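For reference, the structure is listed below as structure tokens.
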Amino acid sequence: METPGQKRATRSTHTPLSPTRITRLQEKEDLQGLNDRLAVYIDKVRSLELENARLRLRITESEDVISREVTGIKSAYETELADARKTLDSVAKERARLQLELSKIREEHKELKARNAKKESDLLTAQARLKDLEALLNSKDAALTTALGEKRNLENEIRELKAHIAKLEASLADTKKQLQDEMLRRVDTENRNQTLKEELEFQKSIYNEEMRETKRRHETRLVEVDNGRQREFESKLADALHELRAQHEGQIGLYKEELGKTYNAKLENAKQSAERNSSLVGEAQEEIQQSRIRIDSLSAQLSQLQKQLAAREAKLRDLEDAYARERDSSRRLLADKDREMAEMRARMQQQLDEYQELLDIKLALDMEINAYRKLLEGEEERLRLSPSPNTQKRSARTIASHSGAHISSSASKRRRLEEGESRSSSFTQHARTTGKVSVEEVDPEGKYVRLRNKSNEDQSLGNWQIKRQIGDETPIVYKFPPRLTLKAGQTVTIWASGAGATNSPPSDLVWKAQSSWGTGDSIRTALLTSSNEEVAMRKLVRTVVINDEDDEDNDDMEHHHHHHHHHHDGQNSSGDPGEYNLRSRTIVCTSCGRPAEKSVLASQGSGLVTGSSGSSSSSVTLTRTYRSTGGTSGGSGLGESPVTRNFIVGNGQRAQVAPQNCSIM
């Protein structure tokens, strides 16, 4: 007939178990085996007591001695067992209290993260508003600069108009002077005309006088001439006089006509010049009036722009003051957040110390159980009791604790999850950029890789390469086309052919030769130039969290195993600010009473090693791993940091060997 422990062992062989559950089941099986052996031992003791009772009638003295010894051992054992039970109860209560406090701390951490996210969003909103106001200020500055330029242009036009007005006024003065000269010449011409008329009248009078004188002379001659020739002579004289008169009248008419034409032409020219000068003066006056009106409007606009500029400057000063106040407030909030994070880390360190105390208590109980096992083995050998087959198998098995085991993603997916065990994973990213182009985004499923030009200049990507390294696998390399250029501030996405994207250069490129960029726990994507110089890098590391609960014995204890492989070039993980180191313990050898050296204890290996049945003590080495999963980002939580604890378990007997023969010294 199988015991309950053997049934549970048989059932557990058909279900894949996690290492932590296996360890707990093994510990439970050990305790069950010890209880079975204790029951056998108690039965044997009872049979011996019955035999001793029958023998007590014959040997009273021996019975008294044996009864006293058995009574003392039994009372001591019951006392120690009661103390152990009380210790276990107190440990369970303390553990429940610690779990409640841990859940409360987690809630507080979530609230702090939410408050921090809200404050960061408010800060981003304020920064965006500041950028908008700066853009508005820049536009107003540009408008002011444009207005000032227009003002300078208008002032130049005003100066040019003033110079033109001065020229027109000078031309008007010249025209007036010419008009006065023309009027003077007209008066002079009229005077000359009057003089010529008077001369003509004088010449007429002289001519008439000469005619009369000539007539008298002819009359005198006619008297002397013959009567026959008198009539002919008079006719000839009349013709000559008539011809002379006609010639004089023609000359006088021509002279009058020429003088009138000259006078009329000069007078017409003077009138046209005066009219032209008058029109120019009117136009100049109109232009001067329009220029004055325009100058007044521009002066009003300039004063208005100056008022707007003063208002903008005042508003800018107010915005700068508000931004300074907001920045100081944000700094205070960040300082409060850092202080709260420091307090939280201190509380977590305190909780970790208390948890370490609980671990120490648990290890002490394990040592007592081991001593109890040794005591039972010694009693079984002394009483020649045969241990059960399960006990022999468990005594031949070595329980080794694992530290920092690297569990691959594919193996974790293939492993079936047990009841009460949940698992979650997330990616941690690390990026580095030394050039103009950065690795903006990497798809964890291997669909695409996105690059961004962070500078204000275009960058040629001809013959550049993207190198993808997944764990220890062979890297894959994508080479850009020779003439590809990435514009300033733009992005380019290189899609795998299996993603279903369309080729649309220069923003979207499809790698037809590769169906996927690949996936894994550690993904490193690097951008190389044509000379194989690395200018940008982004690394993704998967973080796996396993939560395991044991519902069979109503134990709510959680074990978190974090597989967090995060590689930095030239950086040691021991400098992680989120790492918590447990306190060291000094182990004393039960044989010689001296403290053990760490190097000797470490050389004995990691795990729980059971000695032979005849040894007086055994060595226990237990490795626990704690490390902050927050990394350098300031997050909280427990992660990997191997801490080894060594204990020496004795059976309560005094050592019979010399210190120089100690196995651990």
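Cβ coordinates are placed from backbone N, Cα and C, and glycine is handled just like the others.
What Swiss-Prot lists as N-acetylmethionine is MET1. The region 'Head' annotation in Swiss-Prot covers 1-29. Annotation comment: Swiss-Prot describes SER18, SER388 as phosphoserine, evidence class similarity to another entry. Swiss-Prot lists 239-383 with the feature region 'Coil 2'. Sequence annotations record features per position, and here Swiss-Prot assigns motif 'Nuclear localization signal' to 413-418 based on sequence analysis. Sequence annotations record features per position, and here Swiss-Prot assigns domain 'LTD' to 425-542. Annotation comment: Swiss-Prot describes CYS662 as cysteine methyl ester, evidence class similarity to another entry.
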Reduced to three DSSP states, the domain 'LTD' (425-542) has 3 helix, 62 strand, 53 coil
If you count the other CB atoms within 10 A of the CB of SER18 (phosphoserine), including all protein chains displayed, you should get 17
Per DSSP, the region 'Coil 2' (239-383) contains 145 helix, 0 strand, 0 coil
For SER18 (phosphoserine), the three-state DSSP class is coil
